[in-house]
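Please read the structure below before turning to the comments.
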Amino acid sequence: MAAALIGRLTAPEPGAPSLVVPAVGLAVLWLLARGVSLASLDGAALAACLFAIVAVSDVPLASGTALVVGLLAQVGLTVALLRRWCADVWGIGAGTVAASAPRHLVRLVAAIVAGGVAGGAVTVLGLLAEGQRLGALDLASLLGRGVAGVVFVVPPALVVGRRRAIGRQGRPGDEGGPLELAALAVTSVVLYGVAFLPESVPLAFPLLIVTGWAALRFSTATAVLHAVVASIAVVVLTLVGTGPFAVTDDPRVGVVLAQLYVCVVIVSALTLGGGRDERRELLREVRHAQADAQRQFSLLRTMVDTMHEGVIVVEGDGRVLLRNPAAALDPVGDYTLHDLTGRPLTADQLPSRRALRGEEAVEQVLVRMADGSPERLVEVRATPLPRDADTPARAVVVFRDITAEELQRRELTAFAGVVAHDLRNPLSTIDGWVALLAEEIEDGEAPDGALTRQVVGKVRSASVRMQSLIRHLLQHATSRDAELHPVDVDTTALVRGIVAGREAEDRVRVEPLPVVHGDENMLRQLFENLVGNALKYVVPGEPAQVVVDGSAREDGAVLLAVTDNGVGIPDDSKDLVFQQFYRAHATAYSGTGLGLAICRRIVDRHQGAIAVRDNPAGRGTRIEVVLPGARGPVDPES
């Protein structure tokens, strides 16, 4: 009701239509906020208020009725179009988009204009039916008052309401501060005062410069409020007869210009502010996208750089675009690439070249060094990268050295074969003698006692060999895979305990030994094997004489040695005895061929060294072991 009365105050003369009708804009906002249409109690209340205003005003009843019906038509159509076209805008639908967003602002203005045109058309038809004669300026004024009323209220209310509801975090760096805002206010007052002074030069529309200043340097809500205040000033000054819109020859021209100015100044603020907000949002999204891309790049780069496999990206001309540290560790010196048959690879056969031609290449390549270094086996996977018409061919090549894996695989294959063979022999022995005993039993006669004793002896002997092999296999696996727990170990006490356990004190002399830093269980296994071999491989008929001694070296390591007077090891077997299942005296002495291989693995895991030498005092063997020295004091009782 108050808005309608205020709107009547903007009538240029008694009985004339209002210059603007803010009640229409408030009615649109009310229906939007309530979520109802014109065909509701709210719509009926609105109609009653408008008719009441007409009843108490000096507007003829017929003309007032035409005006009210036109305004109601405008409100109903505007609300319907806004809900249909701007459902994502905050305050209209369930969305949170600002009314000043360029794409939605176009729809918002279109809905307001369409509603204004429809309402104006209804009013014009009513007035024509009453018998009034309307000119072009009258039609423009009737259309403009409705549109200006909605533009004056709805978009500013939606923008300011969203700002208050959602808020914002901090002031952007490109936005003016309080001092600039004060300067804007002062400048606006001065310019509008000059433009609307009596007999001044008509400079109303150039005043849009300050609107642009407000929209480009401050928030859209601030710019819209500035435009609303400017519109109020223009309407008031025009009504009191001052300013460029009040000095026209025909007052109706001034009314239309004032209505147009209200629409232009508010829509300009919305357009400039919305465009600036959208640009700012796009820049923010670009910065976030760049930051995300940088984080992704850093993550991927870290992942690639920490890979043990070499990774390179090559272009069609052979240029390397990217390589990780593992790929930078190329062999030093000249080398050639070969396939698994040993034939050199041509340039076109290289996996990278094949990938650049669009093929997926996965193969193993032999790398042979020109200086005679051991060849390496490398697994290479080359994959073409996606490309478009403007991008040259590119490929990613991943390679890794599988030499150790291949050696381990071959070793495992050989190991499995030997184990199967060595287990098959005692099993065959057991099976054969048990079958012989079974035949005796099947004949219905009690087995001969001598035969039974012979069978039992052979089976027991085969079982002992199997147990020995299995024990050594377990020791072999332990020496390779068990976790080390290094401590300072009193090796003198350790070796003397081993000798005592074998009841060999009369055959083995243990000198005072330096302390070793290592895994106590593995060191016990090491010296069990070394002392056991020294006592085992003796010259028939001669008692074993074994000496275990040692000394500390200047580099912090210790040298331990087990010397015997046994059969010795031929020179051509001194390096071979550390291989799995190799036996220098395979025919004369039983064994599994794993003892010294286990010793070698234990020493290697302690970063030490082991070697076979001749007994410097005569016949026999001296096995020397270099191990890390003590790290701290050792309790002899430990």
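Yeah, the Cβs are placed from backbone N, Cα and C, and that goes for glycine too.
Predicted automatically and left uncurated, TrEMBL annotations should be read as such.
Copied over from TrEMBL:
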DOMAIN    360-414  domain 'PAC'
DOMAIN    418-631  domain 'Histidine kinase'
TRANSMEM  15-32  transmembrane segment
TRANSMEM  39-56  transmembrane segment
TRANSMEM  62-82  transmembrane segment
TRANSMEM  108-128  transmembrane segment
TRANSMEM  140-160  transmembrane segment
TRANSMEM  181-197  transmembrane segment
TRANSMEM  227-247  transmembrane segment
TRANSMEM  253-274  transmembrane segment
*Contact set, same chain, for the transmembrane segment (108-128): CB under 8 Å, 6 or more residues outside the stretch*: 24, 62-63, 65-67, 69-75, 77-79, 81-82, 85-86, 89, 99, 134, 139, 142-144, 146-147, 150-151, 154-155, 267
*What are the DSSP helix, strand and coil residue counts for the domain 'PAC' (360-414)?*
12 helix, 26 strand, 17 coil
*Of the stretches 140-160, 227-247, 253-274, which racks up the most C-beta pairs under 8 Å with the transmembrane segment (181-197)?*
227-247
*Could you tell me what the rest of the chain brings near the transmembrane segment (253-274), counting residues at least six beyond its ends with Cβ under 8 Å?*
12, 19-20, 98-102, 105, 109, 137, 140-141, 144-145, 147-148, 151-152, 155-156, 159, 204-205, 207-208, 211-212, 214-216, 219-220, 223-224, 226-228, 230-231, 234-235, 238, 244-247
